[in-house]
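Trainee: Mind looking over this structure? Questions follow.
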Amino acid sequence: MADRGAEEPSSRSESPDGEGQVSEDRSIFQQRQAIGELVDTEASYLHILQLCASDIRSRLQQLPQGDLDVLFSNIDDIIKVSSRFLHGLQETASAEGDRVHLIGDLFLEFQEELERVYKVYCAGYDQALLLVEAYRRDPQLQRQIQGVLGAAVPQAGPSGLSFLLVMPLQRVTKYPLLLQKMLENTSPNASAYPVLQRAVSAMQDVNANINEHKMRKEVASKYTKVEQLTLRERLARINTHTLSKKTTRLSQLLKQEAGLVPRTKDKEFDDLEERFQWVSLCVTELKNNVATYLDNLETFLRVRPHEHSLDIPVGPTAQYCSLARDLQREAFLTFKQRLEGLVWRPLCSLARALVGPQNLIKKRLDKLLDFERVEEKLLEAGSVSYEEEATRHTYQALNALLVAELPQFNQLTLQWLRQVLCTFVTLQKDLSEQALWRAEGSAAQLPHHHILEPAFRKLVEDTLGQTSNQLRCFQETFEKVLPPPITQPLLPGSERQVQALLSRYGPGKLFQVTSNISGAGTLDLTLQRGQVVALLQNKDTKGNSGRWLVDTGGHRGYVPAGKLQPYHVISTEEEPRGPAGPQENPRHPTPQPAPAPARSIPTVAQVVAAYPFVARSSHEVSLQAGQPVTILEPQDKKGNPEWSLVEVDGQRGYVPSGFLAQAPSPAPWGWSLPS
């Protein structure tokens, strides 16, 4: 007892130092405990991530690939960063120096990488949860997913995918808490204390930036959706609130235009928007040009000259047909397929990708007008409502998102455009090489293969010039030799009626129907094409000059003025006649005589149709203006030269001789050496 009493004073005198030592030991213990928790949980977290990427994702093949991309997002990037981060944590145990100091430096070193990868994952987390909820409504699919998860990660339990998907969010928010625990158990005088302070602040900033980025993405996804609404649905969405907002924005815009209130200027955004609009214009123009190119290529592929008989010597013709057939069936078709797959579809995808940013830029202008109005109120009143404060934050989020991402989008779009153009040039080069390779064996047998390239170019230019001159001369001759427009042949048995109208009204009042007329009213006439009528009055009772009153020789009524043309009458002496008169040929009625005598057309001649003609019986054949026609007989069976037996597109029949024109014979086709 005496000894104990003697020891009590000394123990009391040493208690302050002892308590300090115990407190220091406790802090060191808790600090080491926090470090151990950081390293151990990081290793466990990384292991589960690797299971998700390698095992679970590969076993969920019953899910669409798009769903897997949303569920696991950029988990591979997180694994790469976490693997290096864990390796750095483990190395601090064996490194010389204060381990806490090294851990603080490690967090500062990985700050940007951690923020980059977790930003992407957290932005898509809500969409992944929506998929999980959708899977739960399918019991069979949910059982399959739970079976895969139970075999790979038993600790997931009934939570299933939700347990795994939330782990990256929990991990990134755990870092500042663990660092704060280390900081609280580190002496302020220690060299590691300021480093840990910076590390804690850095990880808090990482979480704040991730939350801000997630909020911006939510705003962007809200306004980038393109809804295909009908006019009725758009009108149904209009209410007093939307009308009030749009009216307020319009008022704000008018004030700015009038100079009553200042306009907010953002040079950084204006420059980015200008560049984006320029990039969008480039994409649109290139897409339109490629679409035109594909249309022209399709038209080119429909033309097959090698399938027709060409007016070239037999040897070159055979070589040309063989080469053209190979190019048409293989080279050009392959080129077209590759062009659609490697150029056209990427361009269409790129054009669709532009829609989202374009909608955001338009919406930013609306939100800017709201923001300016709220700022004015804030300056005047000193406070704003909760809804107005949310309006300010929405604009700031939209503007910050566009300023941050438009440069990257513009750069990626330009890279994409550059790649598309390079691919297009490469495809053109491959096509040229294939054409040259296929023509290599036939080139020696083609005309002028021995001519040097400059001389061959000159030869081609001269030949094209000669051909152009021939076409021009043909056009001029064609226009000169054609007779003036003539009317349709008279209907059978109408000669007496025409003579009666002519004797009663005179030639100046006669008109011929250019197309069939179906009368709709009680005073309207129904007439056939080619019928001759006499004009009584060039307007109706209401003064409408578009309806004329006519006499058919038996009935009177109104017809459209646009379907009548003057009927030209010539004397009988000028009218060419065959051995039989027109009234003696009821099967092939005589056409309306032309102002000039019918030209003599040789038998079995190649001519062209000068005017369209519609067959009215099985003995006649229809014509199109400019259509090639082969004359078999320059007269009908009665010897009447005003009707010719012709063949058109394999069909034979009679047509009016006055509807045919002699085509001048062009110069012989073929190659000729330059003089």
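Note: Cβ is positioned from N, Cα and C throughout, glycine not excepted.
Remember, TrEMBL labels are computer predictions, not curated facts.
What TrEMBL shows for this protein is this:
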{"type": "REGION", "residues": "1-25", "note": "region 'Disordered'"}
{"type": "COMPBIAS", "residues": "1-15", "note": "compositional bias 'Basic and acidic residues'"}
{"type": "DOMAIN", "residues": "30-213", "note": "domain 'DH'"}
{"type": "DOMAIN", "residues": "254-468", "note": "domain 'BAR'"}
{"type": "DOMAIN", "residues": "506-569", "note": "domain 'SH3'"}
{"type": "REGION", "residues": "573-598", "note": "region 'Disordered'"}
{"type": "DOMAIN", "residues": "602-665", "note": "domain 'SH3'"}
Trainee: With DSSP helix as H/G/I and strand as E/B, how many residues of the domain 'SH3' (602-665) fall in helix, strand and coil?
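Mentor: In the domain 'SH3' (602-665), the DSSP-based counts are 3 helix, 28 strand, 33 coil.
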Trainee: With DSSP helix as H/G/I and strand as E/B, how many residues of the domain 'SH3' (506-569) fall in helix, strand and coil?
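Mentor: Its residues divide into 6 helix, 26 strand, 32 coil.
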Trainee: Please compute the mean pLDDT of the model over the domain 'DH' (30-213).
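Mentor: 88, rounded to a whole number.
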